Each structure stands twice: as structure tokens, then as C-alpha cells.
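Below is one structure; the comments refer to it alone.
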């Protein structure tokens, strides 16, 4: 059966208390809406996103990441509510799945369950130990027969633990017939998507309950919800990676972006952050180090090292308090307290403690090129643009501000001198 997906993302999300649209708040490095789109793309090639609040901003970000997404603007002034969002929406396939853009935790398996079978409507249902505050979904003989608001429940209905999770898979022809019939004769003057369930039941149509996990279908409406969803997503990511062979020390202290990838034997120590689309191959990241959007192979970083976006490290050791930015290091050792930015460093080179690439003049960034087997002594400043050829020794404390040819010693120290008895002249006799 072919499936179309409609994602509701028009809401303002006032409870977020943020100028950022609710659906663009990130979970594990990716906007919530993108998680919903990713899930939808696993089952459908016809995806429509419903927008209203900050629609241009959201559409621009989605189009930068995805192709062939259809956008529909909700006329929220005349047709508010979830049902109003569907006014004027048309989909290609025989069945339409309606998702919420603020549910980033839904899995493919749940969407497949919701879109299987031949019921006119499949309705997501959660069982809650304490359903207080929720309307109850009344189910008889494995069919939904009624949705009752809590204030209207009788004593028996109040004991019902089944509630609406808010996701529906509907026969498209039926949906297109029901949506124009929706009315807003309620206290909020909104058009509710739940009314299509009542229409179907009244017509004797089959509304099938699909039981789902609360964890997956929990909407994110506040910063507290966002933090809780992040915890769940992080747990999933790390459990999957550990099952695939990644070693983690105190995984609850580690953060991993959902776009990061790992190959071979990788180890992450406590407090590590892997951000962006980082790629790690046979690499050891030591405690409290940060890796951002970079490629690392057969390397180790830290403790307390930082590799910033655009870097490539192969067979390289980056030690404590070393920062690397947009640099290509192959077979390099940089053990302590250095900044390497916009650099290319060749095999066998050693970067001493306190070495700095001076890559920025206040207006522009410049490159530092270091060849193979170069020894850069401690407290050296490399003033870019500069090129150091192979087999060079840079003496400690040198400021390199011009190119260095192969095989030489570069040194720029002033001669040391001593002043006799200066201590006693300065402090007096002790």
C-alpha cells in the first residue's frame, strides 16, 4: 500500500518561550522537524509539511536539507486548529499518515504499524497508568467507538486508561471528504482533527486502535520536554553504538550527535562530546574532549582536547589542551597546550607545547603549511601565511614569519644576558 505523509508544523509553540520556532529546536544535533521528516521518508515518497508561524524560516531550513518536500500554508486566521491545518491539503497516495512535527522520537516500526491493515482509520493509542486530564478513547471489540473528554466521562469511562496519542493513518478519499465537513462549534472555535474519528464511527466505518509507546509519541512543548526528549534520544544513540562495538566509559556523561558515524574499534571516555557529522574510525577520544564535524582515523585526542569543524586527523595524537581547527594532520604528534588552525602538517612532525599558528590578522584567515619530519619547539609562533618544508627544526621560542627551506634550523632568539647582583639591588639584602 502506498502512503502519503502530512506533518503538522504550523504551531507557534509559545510554551517554549523562544523566538526560535518550536519545530526547529534541536534534539541530538538535528531540528525536531527533521527527525519527523526522516521517519516519514522511511515509509513514503510523498511528504507535505504544514506551516504557518515563521513559515519562511522553517521552509528555508527544510529545503536546505531535503528535496521534494511539499509545503502547505495553513490559513490559521480562518481555519485554526489541527483540522484547519488539513484544509486544502491533497496527497498522492491511497492512505495518508498525519504526524506532528514536535514528536521527534517516533520510530519506523511504529509508523509501519500505523499504516498497516485495511481499517478506514488507524488511530494511535497510549495506555496511561494515570490518564487524569486526558480525554478517554473508548474501545470495544478492538474498534474505537468514541472519544470522550474527561469532564464528560461517566464513572466507568473515567477508569479507562486508553488515550489518544494524536497520530492517524486515514484512507485518503475518506480524509478528503471529511475535512471540508469539519466545524468549529466549540469553545475554542478551532477545527479539530479528532472530529474525523467521530464522523467515521457515525458512518459505521472501522477505526482501529494501534497501541504505541508513550515515550515515542510524547510531544515536545516546553524546554523541559525538550530536555527529556534529548535524554531519550541520547540513550537510544549510545545503546545502538555500544551494541555495534563502540566502547564508552560512563556513557551517561557522553553526548553524541545523531549525525556522527563510527567505524572499527572506537573508544569514548567520560565527558566526551561528539558534535555534528563527525566521522571516527579506530579512534580513541579521551575524557572531556570535544570533536566537531571532523574526520579522525587511527588517532587519539585528549584528555581535554578539542577538534573543531573541518579538520582531518589520520594516525595523529592530540594531547591535553590542544585545539585543532580546519586543519589536515597526518601522522602528527601535538601533545600539549597548542593551537593549530588552518594548517596542513605532514607525517612525522612534532608540535611542541605552547605552539600557536597565528592564522588571523583581524580581517582574513591564512594557511600554515608544515612538511614531513618537522620538529616545532615549545612556545613557537607560526605567523601565517607561512610554509615550512620537510626535515626542519624550529628552536623553542622562535617566531616564524617567513618560509623555511628544507633541512635547516630556524631560530629567532635574542641572546640571553645576566645582570650581576640585580636581585639584591631590587629587593635589598635578605
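Residue positions begin at 1 at the first shown residue.
Yeah, the Cβs are placed from backbone N, Cα and C, and that goes for glycine too.
According to Swiss-Prot, the region 'Pyrophosphorylase' annotation covers 1-223, on the basis of sequence analysis.
The UDP-N-acetyl-alpha-D-glucosamine binding site feature in Swiss-Prot is assigned to 8-11, 22, 81-82, 135, 149, 164, 221, 308, 325, 339, 350; the stated evidence is sequence analysis. Cβ neighbours within 10 Å of residue 149 (UDP-N-acetyl-alpha-D-glucosamine binding site), excluding its own Cβ and spanning all shown chains: 10. According to DSSP, residue 149 (UDP-N-acetyl-alpha-D-glucosamine binding site) sits in a coil region rather than a helix or strand.
Feature annotation from Swiss-Prot assigns Mg(2+) binding site to 102, 221; the stated evidence is sequence analysis. DSSP classifies residue 102 (Mg(2+) binding site) as coil under the three-state reduction.
Per Swiss-Prot, region 'Linker' is recorded for 224-244, and the stated evidence type is sequence analysis. Mapped onto DSSP helix, strand and coil, the region 'Linker' (224-244) counts 20 helix, 0 strand, 1 coil.
In the predicted model, the region 'N-acetyltransferase' (245-430) shows an average pLDDT of 97. Positions annotated as region 'N-acetyltransferase' by Swiss-Prot, on the basis of sequence analysis: 245-430.
Annotation comment: Swiss-Prot describes 336 as active site, proton acceptor, evidence class sequence analysis. Annotation note: residue 336 (active site, proton acceptor) sits in a strand segment as assigned by DSSP. The 10 Å shell around the Cβ of residue 336 (active site, proton acceptor) contains 16 further Cβ atoms across the protein chains shown.
Secondary structure from DSSP puts residue 353 (acetyl-CoA binding site) in coil. Summarising the annotation, Swiss-Prot assigns acetyl-CoA binding site to 353, 359, 360, 378, 396, 413 and lists sequence analysis as the type of evidence.
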Taking residues 6+ outside the region 'Linker' (224-244), which of them lie with a CB under 8 Å of any CB in it? 16, 25, 27-28, 32, 104-105, 215, 218, 251, 254-256, 258, 262
What is the maximum Cα to Cα distance, in Å and rounded to a whole number, among the residues 353, 359, 360, 378, 396, 413 annotated as binding acetyl-CoA? 23
For the C-alpha pair, I'd like the distance in angstrom between residue 359 (acetyl-CoA binding site) and residue 8 (UDP-N-acetyl-alpha-D-glucosamine binding site), rounded off. 46
In sequence order, the recorded positions (149, 325, 336) whose C-alpha falls within 10 A of residue 102 (Mg(2+) binding site): none
Inter-residue C-alpha distance, residue 396 (acetyl-CoA binding site) and residue 336 (active site, proton acceptor) (nearest angstrom): 14
